[in-house]
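Undergrad: First the structure, which I've put down as structure tokens, then a few questions once you've had a look.
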Ligand code: GRF
């Protein structure tokens with residue numbers, strides 16, 4: 001029988017995807033345990049959500065850099081994740097680029113969820129880019145993280161139609177609904193292969 005996979009979640013914002021993973025675990029559709037939540041944003045609601053659920057949640061020290069994720073911080077984060085027994089790292093709205101040394105320490109073990117059908121609209125506010133571009137379809141992608149910006153191997157995508165009158169906000173809300181089922185589903189599939 002496969003062992004319950006231990007997850008570490010990194011996020012910078014609201015943490016609705018982290019919540020969706022937790023809800024799937026609670027509902028019994030995902031055999032996993034979130035053992036550590038880390039955020040570079042001390043005010044990120046993701047920390048509060050984690051603490052409410054009794055999950056250790058800590059702030060990442062990025063050495064005062066606004067957007068950079070310095071090597072020393074990545075090494076410290078990797079060590080914390082390892083010490084907690086994490087086998088799979090899930091980025092959920094984490095706003096810094098993960099590179100070496102984290103990629104070396106968790107090879108093909110870091111996932112990200114991105115709010116577009118990659119390779120379309122990588123980078124920030126992908127839903128806004130889609131609306132500005134007049135796209136008729138968008139969606140979300142779960143992919144492995146590599147050293148690029150939203151460039152790693154795609155695991156699974158879900159499509160969302162752009163409808164007449166959509167604003168960046170309305171489209172983002174519908175994409176997020178899809179994210180909340182896609183991410184736990186992909187993690188469950190990976191967990192089942194362990
Ligand atoms: C999601 O839309 C995700 O695709 C993007 O950042 C957002 C995070 O939202 N990478 P939340 O913090 O999970 O609510």
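Note that Cβ sites are derived from N, Cα and C of the backbone, with glycine treated the same way.
Nobody curates TrEMBL annotations by hand; they come from automatic prediction.
So TrEMBL lists these for the protein:
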type: ACT_SITE; residues: 114; note: active site, proton donor
type: BINDING; residues: 15, 16, 17; note: N(1)-(5-phospho-beta-D-ribosyl)glycinamide binding site
type: BINDING; residues: 68, 95, 96, 97, 98, 112; note: (6R)-10-formyltetrahydrofolate binding site
type: DOMAIN; residues: 6-187; note: domain 'Formyl transferase N-terminal'
type: SITE; residues: 150; note: site 'Raises pKa of active site His'
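Please situate the listed features within the shown structure.
TA: Secondary structure from DSSP puts residue 114 (active site, proton donor) in a beta strand.
Close to residue 17 (N(1)-(5-phospho-beta-D-ribosyl)glycinamide binding site) in the fold, though at least 6 residues off in sequence, lie 11, 90, 92, 93, 113, 179, 180, 183, each with a CB less than 8 Å from its CB.
Listed in sequence order, 10, 69, 74, 91, 110, 145 are the same-chain residues at least 6 apart in sequence whose CB falls under 8 Å from the CB of residue 98 ((6R)-10-formyltetrahydrofolate binding site).
Looking only at the domain 'Formyl transferase N-terminal' (6-187), the predicted model's pLDDT averages out at 97.
In three-state terms derived from DSSP, residue 150 (site 'Raises pKa of active site His') belongs to neither a helical nor a strand segment and is classed as coil. Residue 150 (site 'Raises pKa of active site His'): 21 other CB atoms within 10 A of its CB, across all protein chains.
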Undergrad: If the criterion is a C-beta within less than 6 angstroms of any ligand 1 atom, which of the binding-site residues 15, 16, 17, 96, 98 pass it? List them in sequence order.
TA: 15, 16, 17
Undergrad: Taking the Cβ of residue 16 (N(1)-(5-phospho-beta-D-ribosyl)glycinamide binding site) as the reference point, list residues of the same chain whose Cβ is under 8 angstroms away and which are at least six residues distant in sequence.
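TA: When sequence neighbours closer than 6 are ignored, residue 16 (N(1)-(5-phospho-beta-D-ribosyl)glycinamide binding site) has 93, 176, 179, 180 within Cβ distance under 8 Å.
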Undergrad: Could you tally the C-beta atoms, other than its own, that fall within 10 angstroms of the C-beta of residue 95 ((6R)-10-formyltetrahydrofolate binding site)?
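TA: I get 17 for this one.
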Undergrad: Which has the fewest other Cβ atoms within 10 Å: 68, 96, 114, the recorded positions listed?
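TA: Minimum Cβ neighbour count within 10 Å, taken over the recorded positions 68, 96, 114, occurs at 68.
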Undergrad: Would you work out the biggest C-alpha to C-alpha distance among 68, 95, 96, 97, 98, 112, the residues that bind (6R)-10-formyltetrahydrofolate according to the record, and give it in angstrom as a whole number?
TA: 18
Undergrad: Which whole-number value in Å describes the distance between the Cα atoms of residue 114 (active site, proton donor) and residue 95 ((6R)-10-formyltetrahydrofolate binding site)?
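TA: Here the two Cα atoms are 11 Å apart.
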